[in-house]
């Protein structure tokens, strides 16, 4: 009886937590993955090089220690962590066929990807607030968004991401997975892992919706309100030249916002309502969602911002 109970306990443990998951990459494009990895690798190299250059320039140039550039440094660091959390493993899948990832390693990757996706959303919201203060409250901009205030805001965004994403890992850790361990994805994404569980996942699904609403919903609302008020102020300016100048300071940020939120919302909605969308399209967009913004951000800001571009040329 004791041996039987021990065997059942071990068997239950094995079913609850598989020793590893198997990431398939891009379902339906397994033969093409080897070649798809090359543009992904180039995008990652541009993202790493561009964001490291941004961080070095902002760190070494005292004149850039202003709210906008400090937020940009936070965005660059976030992009580095976000893209590095998924691409090296993805290249291993595409080039080496190394799709195995340990259970705890999968949860760790999931934690970093979702935490820093939340941080990126929060930094974009903070940058919209900075643009609002600079255009609508220029006389109070430097006093309200001082360096300590910027650091505090960035810390709060990071803490929010950690606190909201940590329950994902704890809730997944308590689920039994039986013999299901093949993840139809290129990285450990929350809903892709939840779909493998053979227990009751309603809490996981509901909490995932709650966290997405708290992060994306609140940030998008605040960004929309900020730019609505900016638009109202700019349209009241008497000079056409002043209007264009004010708009140009926001153009880079708007491009970055669209590059981040459009694929993010597509991926989120496809998981829940897009059953008719082919899996390979869903997974490709999910991959690009973590690669395109980190690659574009330093290019967009570096080219459109004269102060940054001058430092890049000197470097």
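Heads up, the Cβ atoms here are built off N, Cα and C, so glycines get one too.
Here the structure is a predicted model, which means the values were calculated and not measured.
Listed features, source TrEMBL:
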DOMAIN    50-301  domain 'G-protein coupled receptors family 1 profile'
TRANSMEM  34-57  transmembrane segment
TRANSMEM  69-87  transmembrane segment
TRANSMEM  107-129  transmembrane segment
TRANSMEM  150-173  transmembrane segment
TRANSMEM  209-235  transmembrane segment
TRANSMEM  247-269  transmembrane segment
TRANSMEM  281-301  transmembrane segment
CB contact flag for the transmembrane segment (150-173) and the transmembrane segment (247-269), at least three pairs under 8 A: no
Annotated stretches the transmembrane segment (69-87) and the transmembrane segment (209-235) touching (3 or more Cβ pairs under 8 Å): no
Among 107-129, 247-269, 281-301, stretch most in contact with the transmembrane segment (34-57) (C-beta, under 8 angstroms): 281-301
Contacting positions for the transmembrane segment (281-301) when only residues 6+ beyond its ends and CB under 8 Å are counted: 25-27, 29, 40, 43-44, 46-47, 50-51, 53-54, 72, 75-76, 79-80, 82-83, 85-87, 90, 113, 117, 120, 184-187, 189, 252, 255-256, 259-260, 263-264, 266-267, 270-271, 274, 308
Per-region confidence, the domain 'G-protein coupled receptors family 1 profile' (50-301) (mean pLDDT, whole number): 87
